[in-house]
Amino acid sequence: MDPVNDTFLFQNKMVCQCPTKINSNGVWFGQNPLQYAAPLLMLQVVTTSLSWRAMELVLKPIKQPMIIMQIMGGIILGPSLVERTRIPSVLFPIRSKTTLDTIASFGVILFHFLVGVKTDFTMITKSGRTAVAIGISVFLSPYILGPPLSLFIRYFIPMGENLGTLVPVLAATQSVMIFPVVCSLLSELRLLNSDFGHLAMSSSMILDVCNWFTMAIIHALDVGNAGFGRLTWLYSALSCVAMVGFIFLVFRPTLMWVSRNTPQGEPVKEGYIASILITLLVSTLISDTIGQRYLFGPLILGIAVPVGPPIGSTLVDRLDLITTCLFFPINFVIIGMQTNVRSIHMETIEIMSLVVLVSSLGKIAAAMVPSLCFKVPIREALLIGLVMNVNGIIEIITYGIWRDKKILNEDTYSALIILVLLVTGSISPLVKILYRKRSRKYLSCKRRTIEHSKHETEFRILVCVHNQDNVPTIINLLEASNATKDKPIFVFILQLVELVGRSTPFLVSHVQQNKSLSASTGLNSERILNAFSYYEQQNRDRVILQPFIAMSPYVSMHEYVCSMAADKKTSIIILPFHKQWAVDGRVGSVKAAVRNLNCNVLDKAPCSVGILIDRGVLNGSRSVLSCLSSYKVAVLFLGGADDREALAYSARMARQRSVRLTVVRFVAINDRSNTDREKKFDGEALNEFRLSNMGNERIMYREEVVKDGEGTVNAILGMRNSYELMIVGGQRKKNSPFLMGLTDWNECPELGTIGDMLASTDFDGKVSVLVVQQQARVVGLGFVGNDDTPINVNARSLARNKMKSFAIHDETDDEEKQRFMMGQTQTQSKMYRNSIF
């Protein structure tokens, strides 16, 4: 009998095998390595890994979840495709089933343990009424729809006795635990930080709690009806309570003690990690011994592990890769190998499809009704309903248990696995299509820039911080921004922390961050907060701070940054550069994830963005207000919207007494790149700047006449050690004569050509650099302010009609420097304020 087709009769087979045939002596001694356990196991692991990796290459472009790829990888190795070949008998003989299944079970144990480690169930207490209503509604829907659906199908559709008995049970299983699967799906689709993603995770967590109570009751009833004594159910329940009590009353406090006694930034001792893993195996053994599912112990043990650093993140770091990429996929590949598409009867697939379809529609309705009652947008309500239909490991394991108990035969089991593939495989692209992952939700109907903001209004700025090293230069930048009582600065501090060792991202105010949350996340934000608080105290009534903490995967962290900028109506976002310099001048660290974050924010930001290249460590970070000497700032003005935004920011600094500002305007000998409109805007911006700072002796203006990119570089190199800070625009124009010959060597194109040069490791200056990009998009205008992007013609005409223009008067002397002197008489002109563009 074929070894794969005989999957459902494995328990009736008797296999004779020599226990000493573990490792072979090799083919040169006339031995077949595949007749020995160890080489055969290695080949099986390699084959299963290659099969699902091959399906990953095929299915990943259409955004399919990993579970689909892994099951499909097993199907191509199973009887559905290779029934008449020797592959099953050679690679997967019956004698190897126990070994391979044991490895797969070990992967499932580790997976559920990690699910518990990553899950922060304190979030249940913070779930709103909407999440609770959705979770309970979805939980009840299969039990409400199941009985009438089974009666309807039995009455109108003729079927076998086995299939008729299965229908109501199948309908009831449509609400089994889904939180890990929902988390995995949202993570793969990069929607963890979305509004509906947060609601879906909270709702699925509530649903899981309901399922656990239900399964516990069902298990107690099964034990009581097993005929082993009237008190058997009580013994089973007490043993389960005893195990859970030991885990939470002894094991968890021990880990909390270990966490408190582990110095911040130091790894957990190897002995503690080894003890946790041994306890994991013991919990699995005890769960199986007391009659619970063997996965119960690992899941509860994982939940008891403190979330996040140092223990949770260490366990995830050690176990996650080998579990998700090697051991755990073997289980799904085996499931695919046990699926025989050829054995499915049309009657079975039709009835099963009807049950799954009605149950899925019922769950969608059950999720949408409470969502709409709580004013959730209809699109997000539909998305939550779709996500609640995702099938995962628990449901498939349930089918496997039914198969082993002969509740399912090969026909029904294969049909259910195929339906899991169809349902879960269709949800992922549907969610991707329906969720308009667009930055348009962050767009404003008006310009949120420094240039277009009113002078008399407060300056609202969002500052992002990754670690303590970012703080000194950012505070210097804020001090130089000239906060006054009449024109205060509202600073929103957002500490960005990578999501490690937990499943659920969050964004909270630092005031709301209690001690338990701080301990569970491993955050030590007190020093960062203290530094900014001291800055606020030194600028009382002039600076108002609001600190926040965001924990999220870097791939979706820009959602938090952009949403906060939109909610707080900030004019600019300050982001640290992804490179940090060491004291000796070399690059100390490079974080590609931070660079991707910066690029995403630049692309989707609802306001202007500044990337701060911090070289303060090279010349010693100083406070602008406490240092005796002045804080020297240079603005490199080449023209364009970004440079006008940089000039507008420097205009605020010009009023700070400790700041000495130099505006360097580059003039090309033959400049034909800028349009007349851009030249006009540049001239008006410079003229307004000069008029508003007339007589300020701390400001210098000079012009540099250059021929090409080489001249620009030489001029910048000549001033590289004369300033503490340089401000430059992103320079998105590619045909500028100032950049001729420089655009082909960009290492960081998101900084623009000049910014990239100043951030290069070849640039030996000690000056910090702020690269500014003006808000790129506005509702109704699309992209604005660039030569190579369209601008709304009607808005442009309206702006020109409202605009009172005047020519700029260029002034130079022998030293190519000109101070704005008090007392010069000039005609008062209406300040140009382009509030449309």
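Just so it is clear, glycine is given a Cβ too, placed from its N, Cα and C backbone atoms.
What TrEMBL records for 54-432 is domain 'Cation/H+ exchanger transmembrane'.
Marked as domain 'Cation/H(+) antiporter central' by TrEMBL: 491-617.
If you look up TrEMBL, you'll see 631-775 marked as domain 'Cation/H(+) antiporter C-terminal'.
According to TrEMBL, the transmembrane segment annotation covers 102-119 (among others).
Annotated transmembrane segment per TrEMBL: 131-157 (among others), in sequence order.
The annotation transmembrane segment is assigned in TrEMBL to 163-187 (among others).
What TrEMBL records for 199-221 (among others) is transmembrane segment.
Annotation comment: TrEMBL describes 233-251 (among others) as transmembrane segment.
Taken from TrEMBL, the feature transmembrane segment applies to 271-287 (among others). Listed as Cβ neighbours of the transmembrane segment (271-287) (distance under 8 Å, sequence separation of 6 or more from its ends, same chain) are residues 109, 113, 243, 247, 251, 255, 258, 293-298, 300-301, 305, 311, 314-315, 318.
Long-range contacts of the transmembrane segment (293-312) within the same chain, counting only residues at least 6 positions beyond its ends with a Cβ under 8 Å from a Cβ of the stretch, are 105, 108-110, 112-121, 240, 243-244, 247-248, 251-252, 255-256, 258-259, 262, 266-268, 272, 276, 279-280, 283-287, 397, 500-502, 519-522. Under the heading transmembrane segment, TrEMBL lists 293-312 (among others).
Packing against the transmembrane segment (319-339) from elsewhere in the chain are residues 4, 7, 45, 48-49, 51-52, 66-67, 70-80, 92, 100-101, 103-108, 110-111, 113-114, 393, 396, 400, 403, 413-414, 417-418: each is 6 or more residues past its ends and has a CB under 8 Å from a CB in it. The transmembrane segment annotation in TrEMBL covers 319-339 (among others).
Within the chain carrying the transmembrane segment (351-374), a Cβ under 8 angstroms from the stretch's Cβ atoms is held by residues 129-130, 133-134, 137-138, 140-142, 144-146, 149, 153, 157, 159, 163, 167, 170-171, 174-175, 199, 203, 380-382, 384-386, 388-389, 412, 415-416, 419, 423, all 6 or more beyond its ends. According to TrEMBL, the feature transmembrane segment maps to 351-374 (among others).
Among the features that TrEMBL reports, transmembrane segment is placed at 381-402 (among others).
The annotation transmembrane segment is assigned in TrEMBL to 414-435 (among others).
DSSP states for the domain 'Cation/H(+) antiporter C-terminal' (631-775), grouped as helix (H, G, I), strand (E, B) and coil, give 56 helix, 36 strand, 53 coil. Mean pLDDT for the domain 'Cation/H(+) antiporter central' (491-617) in this predicted model: 80.
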